[in-house]
Amino acid sequence: MGSSPCELRWLLALLGGLLFLLPLAQGEDHHYTFVLRDTNFTRLCTTKSMYTVNESFPGPVMYVRKGDTAYVNVFNEGHYGVTIHWHGIKNPRNPWFDGPEYVTQCPIPPGTNFTYQVLFTSEEGTLWWHAHSDWTRATVHGAIVIKPALGTTYPFPEPDGENVLVFASWYDEDVMELMEEALSEGGLTTLSDAYCINGQPGDFYNCSRENTTRISVDYGKTYLLRLINSVQNTDMYFGIANHSLTVVGWDGAYVKPFTMSYIMITPGQAMDILVTADQPLGEYYIIISPYFDGQADDFDMSIASAIFQYNGNYSYTGLPAYPSDFPGWEDIAPATDFVKKLKSLNSLEHPIDVPQDDEITTRMYITISISMMTCPNASCEGPDGNRLASALNNISFANPDLDVLQAYYSNITGYYTPDFPDLPPTLFNFTSEDLLTDNVTMSDQGTRVKVLNYNESVEIILQGTNVMNSGETHPMHLHGFRFYVIGMGQGNFDNKTAPETYNMYDPPEANTVPVPKDGWAVIRFRADNPGVWYMHCHFDRHMAWGMDTVFIVKNGTTAETSIREPPAYMPPCETDSSLLSALHSYLRQKA
């Protein structure tokens, strides 16, 4: 007797669930020690002291398999409080170790330590870790390589080798001093002085050529490159001269392979690409170049480089080959074309579970905007003496004195309000070319959160705006979840025509989505991870200005669908005032 379609779907779902549970039973524990301290580094002919982990920039790579657990003991030997976030890791029911300051914990005080528990349950590919306090991420970050679980393999041929490439910003000055100055004065932030690939700016900067990062390859072999964009405030184009790039992974999930001569990667994103060394023996530039589609502020227009270097006996003179036909700084079409090619595998081994239209119980329409807040006596450096700010649905997020998770879990009132709105306060033409009047640029400040029931299906329409003539791509990152990007487009979202363009068959899974300039993106996810989870723009200046909010997902009806018990020790919030005083004292000493 044959099986019915319903029975087949049930069997496939059961098999997919068993495949998911298998690696959990085989997982191993890993133990890492991170020591945060000031370390001297010299770049661009300048030496400075900066916060690092284990005296390395970027920090150490974590190697695990799907289904493993990592315990990371973080010792803070610096001058001010720090937290660490495990970017893109769902960490089911375990928000205590997610890391964003004043959302799930208070900073680790100087002279103390805190051990994070990181659960690698569903992620596979490349992700990363970074500081999630102030702007410390500039120098405190590193890669996480998540190999397939034992007994499984990649959905593509095993590469002959692999390399991790981490992109970052370099500032000649102390980033904490720059942050303090920008936030106190309320104006634009200082631009970076360079970009780096694995900590080195490359051939196009002063005092840098001798230490340019090199990747050695053998002719005919294929390499897996694990790319991470930890740049502070800029999307980047990436390419290797004369070599094709086959994209196979995005944000810790596999995608249908596609080949390009470049990629576009935003801050917060990680990508896996395959490169075959199939060119004549020689040296070829690897470059990262900024992609900027905004108008309101400037950007670092420099280009970082590394070298893709063939092994073998050959004589090579002159500079490495440079990528031809590479997108320019302000080329929007190549970025749009790249993002549209991302699609999930949607296979038996890597199934997807996109919430369908009739399952959606919460729909949100969230506007993303640059804004202003009033300064006393018009004393700030923003327009008309106001303070530059940013907002979601015209609300600029304010850090509370007690982290939201502790307040929620212990039922302590007064630190947040559960009233983040599902809609902006006013509907208008969000992408108009003339949005400069006060009634659409002044935002409210508050710690307002959105509460979701366990396992409800959520759709969020993220709408870019041109408020203050400041439209640009925004990389929006959601903690605690991998969502499906089902749609993306230009202009104002239209609830009649936009759904006709949705990809419900193989939308990509991600944790960070580039919401296009003066456009929109639609994401869906199931709220199956109880806890407190942060959502924010991954441009640090926008996050600091308030382009953030928090989701609280309530417990389910069983212990297995509820937040895990808190650890015996969490960094104390009562030391916040002393931590702030220590930071101010440190900055005064350096001045």
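Quick reminder: no glycine exception, Cβ is built from N, Cα and C everywhere.
Here is what TrEMBL says about this protein:
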DOMAIN    38-148  domain 'Plastocyanin-like'
DOMAIN    162-313  domain 'Plastocyanin-like'
DOMAIN    420-555  domain 'Plastocyanin-like'
SIGNAL    1-27  signal peptide
What are the helix, strand and coil residue counts for the domain 'Plastocyanin-like' (38-148) according to DSSP?
6 helix, 56 strand, 49 coil
Using DSSP, break the domain 'Plastocyanin-like' (420-555) down into helix, strand and coil residues and give each count.
16 helix, 57 strand, 63 coil
For the domain 'Plastocyanin-like' (162-313), what is the mean per-residue pLDDT, to the nearest integer?
96
